[in-house]
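Here TrEMBL flags 27-52, 64-82, 94-112, 118-139, 151-170, 182-200, 258-281, 293-314, 321-339, 345-367, 387-405, 411-429 as transmembrane segment. The domain 'Major facilitator superfamily (MFS) profile' annotation in TrEMBL covers 27-434.
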Amino acid sequence: MHNDIASPSAIADRLDRLPLSRWHRRMVLLIGLGAFFSFFEVALGSFFGVLLNTQWTLTAADKSMIVGSAFLGEMIGSLTLAPLADRFGRRRMFQVNLIAYAALSLAAALSPNLTVFLVLRVLTGIGLGAELTLVDTYLSELLPARRRGRYIAWSYTFGLTAAPVAGILAKSATGTILGLAGWRWLLILAAGGGLVAWLSRRRLPESPRWLATTGRLAEADRVVTAIERETGAPLDDPAPVPPAATRPDPGRYRRRSVLMWLMWIFTPIGFYAFASIAPIVLLAKGFDLAHSLTYSALTAAGYPLGSLASVYLTERFERRTLVIASTLAAAASGVVFGLGTVTGVIITAGVATTVSTIVQSNAVHIYQCELFHTANRSTAIGMPYAASRLISALLPFGAIALLSAAGASGLYLGCAVLLVVMAIVARWLGPRTNNQRLDEI
C-alpha cells in the first residue's frame, strides 16, 4: 500500500501530480463515447419533429411533445440517477444509464403510434438523464487540475460530433429502407451504438476521489497505484498534506448553488431553443423539408467546431470570462439567424450560433464540476441540470408558440434578452476556478 493515503487530500494530490498520459486520453475517449449518444439523442429530437410528419400527421403540439419528451425524461433521470452516483459510485451509474438507453431506443424504433413513441422517448431520456452530469463529475475527479478544462472539452468535442452525424443520417432517413421508415433505423443505430458504448465502459475504474471521500481509502489507493503503473510514472512521496474534511460546509456552497441553478435555467434558452427547433424555424421561413434538413445539417457542423474552439480557449481564459463572452456571442448570432432571409446569411449565422452555444455549454459543464465538493458533486450539479432539462422540455411549446405569433425574429430577439441576463448573473455570482485543485476552490 502506498504510504501517502492518510486522507482524501493525499489521494487528490497524487492524481493532480500525475503526468497526462495515454491512460487519461483513453478515459476521455470512453467517456466521450457515452456523451456522443446523449447529444445524438438531443439532435434526433429536433429532426423527428419533421421526419415523423411524413408518417403521422402532426400538429404543432405534437411536434413540441416530440422535441420535449426526451428532455422531460432527462429531467427525471438527472433528479434520480445523479444523487445515486454520490451514494453508489460514478462507475455503476455509467453502466445503468447506457444499457437503459440502448434497450429503450430499440423499443422506440418499434413504436406503432405517436403515443407509444412519446412514452418511450421519455423513458429513454430517463436512462440518459445523468450522463452529462456523470461525464463532468467523473472526468473532473480523474484529471489533473492544470489540464482539467482542456481534456473535458476534448471529451465533449468527441461527443458533439453526434450533431452533424445525426443531421447527415436524418437527411438520408426521409424515406424507407428495407421496408422500415428511416426514422426507425435512426433509433436502431442509436440502440446498437449505446450497447457498444456500454460494453466499452465496463472496465472503467471507480473515481478514486469518490472512494476516498466515502472512507474507502485502501480501494482509492489501489486505483491510483494502478493508474501510476499504467502511466509509467510512479510518484515520489509528496510533502505532507493536511487532512481534508470528508463532508463540505454547506454554507460555503450556497452562493455557487444559486449560480448554477440560474445558469442552467438560462443555458438551454440559447443551446436548445436554437438546436431543437432550427429545422422547424427554417420551414417557417419558407424552405422545404429537404432544404430545411440540409441547412440544419450544415449548421450542426458548428457543434464539433465550437467544442474544438473550447479546447483551445478553456485554459487560456478564466472559465467565468469564457461563459460570459460565449453567451453574448450566442445572443448576437442568434438574432442574425432569426432576422436573416438570405441563405448564406442564415447558414453562416447558424454556424456562428452553434459554435458560440457549444463554447458556452462546454464552459458551463467544466465550470460547474469545479464549484462543489467530491462528497456531493454529482448531486450538486445534477439538481440544477435537471432544471435545465425541464426548461428544455417546455421550451418547444413556448418557442413554437412564439414563432407562430412573432416569427423567427421575435423568437430569437427574446432568446437574446434572456442570454444577456445569464451573462450578468455569471459576472455577479461566479468565482474564479482555473488551475486550482477541486476541493480547494
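Cβ atoms here come from the backbone N, Cα and C positions, even for glycine.
TrEMBL labels come from automatic prediction, so no person has curated them.
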Exercise. Compute the average pLDDT of the predicted model within the domain 'Major facilitator superfamily (MFS) profile' (27-434).
Key: 84
Quiz item: What residues in the same chain, six or more past the boundaries of the transmembrane segment (151-170), come closer than 8 Å to it by Cβ-Cβ distance?
Solution: 20, 24-25, 28-29, 31-40, 42-44, 47, 51, 135-136, 139-140, 143, 186, 189, 275, 293, 296-298, 300-301, 303-304, 306-308, 310-311, 314, 354, 358, 361-362, 365-366, 369
Quiz item: Would the transmembrane segment (27-52) count as touching the transmembrane segment (118-139), i.e. at least 3 C-beta pairs under 8 angstroms with sequence separation of 6+?
Solution: yes
Practice problem: Using a Cβ-Cβ cut-off of under 8 Å, list the residues of the same chain that are 6+ residues beyond the ends of the transmembrane segment (94-112) and lie near it. | Solution: 34, 37, 41, 77, 81, 120-121, 123-124, 126-131, 134, 138, 184-185, 187-188, 190-195, 197-198, 201-202, 204
Self-check item: Distal contacts, the transmembrane segment (27-52) - CB-CB under 8 A, six or more residues away
Solution: 58, 63, 66-71, 94, 97-98, 101, 114, 117, 121, 124-125, 128, 131-132, 135, 138-139, 142, 151-152, 154-163, 165-167, 170, 173-174, 182-183, 186-187, 190, 193-194, 196-197, 200-201, 204, 272, 275-280, 283, 289, 292-293, 296, 300, 303
Exercise. Could you check if the transmembrane segment (293-314) is in contact with the transmembrane segment (345-367), meaning 3+ Cβ pairs under 8 Å among residue pairs at least 6 apart in sequence?
Key: yes
Quiz item: Between the stretches 64-82, 182-200, 345-367, 411-429, which one has more Cβ pairs under 8 Å with the transmembrane segment (387-405) than any other?
Solution: 64-82
Quiz prompt | Contacting positions for the transmembrane segment (182-200) when only residues 6+ beyond its ends and CB under 8 Å are counted | solution = 30, 33-34, 36-37, 40-41, 44, 47-48, 51-52, 55, 95, 98-99, 101-103, 105-106, 108-110, 166, 169-170, 172-176
